[in-house]
Amino acid sequence: MMFAAIARETDRIGLVTTVSTTFNPPYIVARQLQSLHWLSNGRAGWNIVTSIEGAENFGDSPMPSPQERYARAREFTDVVRKLWASFPQEAILIDRESGKFSDPDQVSPINHSGEFFSVKGALTLPAHPSGEIPLFQAGASDTGRNFAASIANAIFAAMPDLESGVELCNDLRRRAEVHGRHPDAIKVLPGLYFFLAETREEAHALYKAAHSHLSVERRLASLQSVLGLDISGFALDHRVTADMLPDPNQPVRSRTHAELLRRYITANQPTVAEVLARPEVLASAHWVSVGTVEDVLNDIMERFEAGAIDGFIALPGGSEQSLELFFEKLMPQLVERGVFRSDYTGSTLKEHLGM
Ligand SMILES: Cc1cc2nc3c(=O)[nH]c(=O)nc-3n(C[C@H](O)[C@H](O)[C@H](O)COP(=O)(O)O)c2cc1C
């Protein structure tokens, strides 16, 4: 609904909405996304998620296991795409004289019967002429990556450091090829949580203020929930080492976040205080960049040149001024360096993504 409102007020920006495959029926999602695609003239995108939690909002059943959630996501996406294809653009006639608005010969109802869903019928609205809705995916465990490699046009990634980014990009390229796709078929777009100010000191003060409400106790509890690691008995300057890590097979909320932290601890043997300052513990494991426009620009260029990113999802932090600096100073510099377009070259999301 929010995107329907935004679609009306804008005419170029892509509208990528997150929809969970764990809690929704595929027929409704297929209709909603195709409706948004028409309302926005080809600008809809779908960020496919399997969700970490939330089952209690929908009934008494517990969260399905990650394996089951991904199996369901695969079938769900398949059903949605079959529904989109069931009423192709070519079936539209709109002939008022004969009273024929569509050609039934070109509409192919589906008859899906699978492990999780039974869905019959054609979709009741035709596909938009701009073609299929681009698919994004979020979740980077082994299963998540394979799923992304099989269908996604872009991945919304949690990428706290450059090394994890290079690893993810190379791995996705390899997996895309295994699925018979072009290695560059999947755009890697990490969240970039930025705090911009005129001076470094100001920017760091903004970052500190944004997390000052998180006590050591809350950070310890967050670490316990993300990684299953309890280090509450250690002093803040005590080093955390690989042998302290819990069994990698024990269930965690998100394997993506747990794996990022495991790798950081194994590679760096950080202190307790350093672990408690990590983005995976404080928030959502996103890449954090704090400083002046030049600092953040250099950070972006470093990752881009290292092949760790194709773009990023901007997550503004701090103050409104941070957002203004981003649009008025930082983006123009990315354009100047030739890594961002100076104007739109198309009007649909597909065109913006270069698909
Ligand atoms: C960057 C990122 C963003 C995500 N955003 C959402 C979201 O908005 N809603 C949601 O239900 N799940 C979201 N998820 C959760 C994933 O869909 C997935 O359920 C979770 O990461 C567990 O899968 P994994 O084991 O592959 O990491 C997100 C995950 C990541 C990594």
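Using N, Cα and C of the backbone, Cβ positions are placed for all residues, glycine too.
In sequence order, THR50, GLY139, THR143, GLY144, PHE147 make up the list of same-chain residues 6 or more apart from TYR70 (FMN binding site) whose Cβ falls under 8 Å from its Cβ. Marked as FMN binding site by TrEMBL: THR18, TYR70, SER141.
Taken from TrEMBL, the feature domain 'Luciferase-like' covers 2-308.
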Q: Consider each pair of residues in THR18, TYR70, SER141, all listed by the record as binding FMN, and report the largest Cα separation in Å as a whole number.
A: 18
Q. Among the binding-site residues listed here, THR18, SER141, which has the most company in the form of other Cβ atoms within 10 Å of its Cβ?
A. SER141
